[in-house]
Amino acid sequence: MMVLKVEELVTGKKNGGGDAGEFLPEDFRDGEYEAAVTLEKQEDLKTLPAHFVSLGEQQWKIEKEREAELKKKKLEQRSKLENLEDLEIIIQLKKRKKYRKTKVPVVKEPEPEVITEPVDVPRFLKAALENKLPVVEKFLSDKNNPDVCDEYKRTALHRACLEGHLAIVEKLIEAGAQIEFRDMLESTAIHWASRGGNLDVLKLLLNKGAKISARDKLLSTALHVAVRTGHYECAEHLIACEADLNAKDREGDTPLHDAVRLNRYKMIRLLITYGADLNVKNCAGKTPMDLVLNWQNGTKAIFDSLKENSYKASRIATF
């Protein structure tokens, strides 16, 4: 019995001997290359004289041939891709298999924090900012003043309103926190909720009696603040609650002045839709329309300058 060469195995060509152990091209169809390689490795045994093959080796050879035959049958049973539908089916099966293997992580809910020691003012104010309700509850349960504040007169309510921590806002109000308490710039909770863009907190404050007309040190209303910070939903809700569309701040600017100056198109459209006055003048004698024209003229001047500089540069480049 002759030994197959590697090139004979790969090409499937026969040599002149025509032994029964050799492979033909049809042996390599349908992905049977691996099975053929396994059989080729077993051909080495046939090169030994018959008297050198022990009983144990014969048994090992039979087992290997059986394994190769099983592998060949498995290869023959694989689906053949005849069209795109077959490919789609295989893709879907692989996806399902992958999905079955993927373990859904079990998310454990954090255990409620139990506070036993007294809570001081700095920790209380920080807890309101970071939404740590157990700390806030412990501070309030010890009959402490909910309106304690920092060096800028900002209370826990101000901080919670800014961050949108609704549960803490509710707890503070239940404990008697003053909704109209003013910080160093005379901002109230409604200003802070508008600044943070927290609609649910804003609604709660208004339902609890917060003054929609409250003004800070710059005479800004909550609507001014919502427009400046770009919180559309808060501005819309304040308008729906009859906030003054034409209220002037210390510089005489209305919310529409601010919207035009900051080029907030959606705010401009909202305010005009609900009837904001286009002709109200600020302390500089400018109406919102004047600001639009100034902005357009300023933009035009910038483009004219860029155009002129570009022309000069091109002229220099030609020389």
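Placed from the backbone N, Cα and C atoms, the Cβ positions cover glycine too.
Residues or ranges marked as coiled coil by Swiss-Prot on the basis of sequence analysis: 63-89.
Residue counts for the repeat 'ANK 1' (152-181) by DSSP state, with H, G and I taken as helix and E and B as strand, are 17 helix, 1 strand, 12 coil. The repeat 'ANK 1' feature in Swiss-Prot is assigned to 152-181.
Under the heading repeat 'ANK 2', Swiss-Prot lists 185-214. Sequence-distant contacts of the repeat 'ANK 2' (185-214) (same chain, six or more residues past either end, CB-CB distance under 8 Å): 157-166, 169-170, 173, 179, 220-223, 225-226, 229-231, 233-235, 237-238, 241-244, 247.
In the predicted model, the repeat 'ANK 3' (218-247) shows an average pLDDT of 97. For 218-247, the entry in Swiss-Prot reads repeat 'ANK 3'.
Secondary structure by DSSP for the repeat 'ANK 4' (251-280): 16 helix, 0 strand, 14 coil. The repeat 'ANK 4' annotation in Swiss-Prot covers 251-280.
Taken from Swiss-Prot, the feature repeat 'ANK 5' applies to 284-315.
Residues in the repeat 'ANK 2' (185-214) partition by DSSP class (helix H, G, I; strand E, B; coil) as 17 helix, 0 strand, 13 coil. Summarised by DSSP class, the composition of the repeat 'ANK 3' (218-247) is 17 helix, 0 strand, 13 coil. Here the repeat 'ANK 1' (152-181) has Cβ contacts under 8 Å with residues 124-125, 127-129, 131, 133, 136-137, 140, 146, 187-190, 192-193, 195-198, 200-201, 204-205, 208-211, 214 of the same chain, all six or more residues outside its ends. Sequence-remote contacts of a segment are chain residues at least 6 beyond its ends whose Cβ falls under 8 Å from one of its Cβ atoms, and for the repeat 'ANK 3' (218-247) they are 185, 190-191, 193-199, 202-203, 206, 212, 253-256, 258-259, 262, 264, 266-267, 270-271, 274-277, 280.
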